[in-house]
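Colleague: Sharing a structure below in structure tokens format, with a few things to ask.
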Amino acid sequence: MSTSNPQQAHPRSIKSFVLRQGHMTPAQQRAIDENWPRFGLDFQNAPLNLNAAFGRAAPKILEIGFGMGTATAEIAQRLPEKDFLAIDVHGPGVGNLCKLIAEQGITNIRVMRHDAVEVVETMLAEGSLAGIHIFFPDPWHKKRHHKRRLIQPPFVAKLLPKLQSGGYLHLATDWEEYAAQMLEVLGSFPELQNTAETYAPTPAYRPETKFEARGKRLGHGVWDLVFTKR
Ligand SMILES: C[S@@+](CC[C@H](N)C(=O)[O-])C[C@H]1O[C@@H](n2cnc3c(N)ncnc32)[C@H](O)[C@@H]1O
């Protein structure tokens, strides 16, 4: 009998998401099938040339966890001089964003369906980003699930080298205790500077997201954090 333990050989890393089976509508699937070569990007185990991927040299903004992508599409239209690399693992959301891009003729978004932690680790060059958006990351309310939260020192430490000096990190959440954690985590990095005393006013470019609207219906507050890199 083999003594090797596959669990030990390949320890399962803690993920910030659980893949839901969500239903992909035919229109979402068609949007992916018809447009992926134009604005979809596949995971690769090597650094990505972002200017080549967008076909131009422009400031690059990474968005992690775009959900259904409605805010992403709106922001890209509001900021046509910037390019947006939008990453999520959720199939119907990826389909929906592809549909919005195709319908609205948006040219400054590229979509990835992959774990953004792995994309950050392997595909993004140092200093390649002008900004990072993480809007309403899964709050993982229960204490035993807090280890799944994205905004923790080890991930922020991986993220920050990808940001140019002068670049910004914009987070938002509807969960007060996670907001406090975000403030504490970002505040612990000397290379980051808070643009506000504590929480920031919602920047004009960020519309209400789908998850935010749901939180408000439940009576939750909203906290934005905007830090810049020295
Ligand atoms: C609570 S939802 C918020 C979605 C959207 N930003 C909004 O405000 O409506 C969080 C999203 O992050 C995605 N997500 C979580 N961890 C991720 C990861 N490691 N890589 C990519 N996407 C992730 C989930 O699939 C989900 O769509």
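Just so you know, glycine gets a Cβ as well, placed from its N, Cα and C.
Pulled these from TrEMBL:
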BINDING   GLU63, ASP88, ASP115, ASP138  S-adenosyl-L-methionine binding site
BINDING   LYS142, ASP174, THR209, LYS210, PHE211, GLU212  substrate binding site
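Tell me about the setting of these features in this model.
Modeller: All protein chains included, GLU63 (S-adenosyl-L-methionine binding site) registers 26 other Cβ atoms within 10 Å of its own Cβ.
For LYS142 (substrate binding site), no same-chain residue lying six or more positions away in sequence has a CB closer than 8 A to its CB.
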Colleague: Compute all pairwise C-alpha distances among GLU63, ASP88, ASP115, ASP138, the residues listed as binding S-adenosyl-L-methionine, and give the largest one in whole angstrom.
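Modeller: So the maximum pairwise Cα distance among the S-adenosyl-L-methionine binders is 14 Å.
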Colleague: Give the number of CB atoms, excluding that of ASP115 (S-adenosyl-L-methionine binding site) itself, located within 10 Å of its CB.
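Modeller: If we count other Cβ atoms within 10 Å of ASP115 (S-adenosyl-L-methionine binding site), we arrive at 19.
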Colleague: If you count CB neighbours within 10 Å, which one among the binding-site residues ASP88, ASP138, ASP174 has the smallest count?
Modeller: ASP138
Colleague: Taking the Cβ of GLU212 (substrate binding site) as centre, how many other Cβ atoms lie within 10 Å?
Modeller: 21
Colleague: Could you check what DSSP calls GLU63 (S-adenosyl-L-methionine binding site) once collapsed to helix, strand or coil?
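Modeller: It is in a strand.
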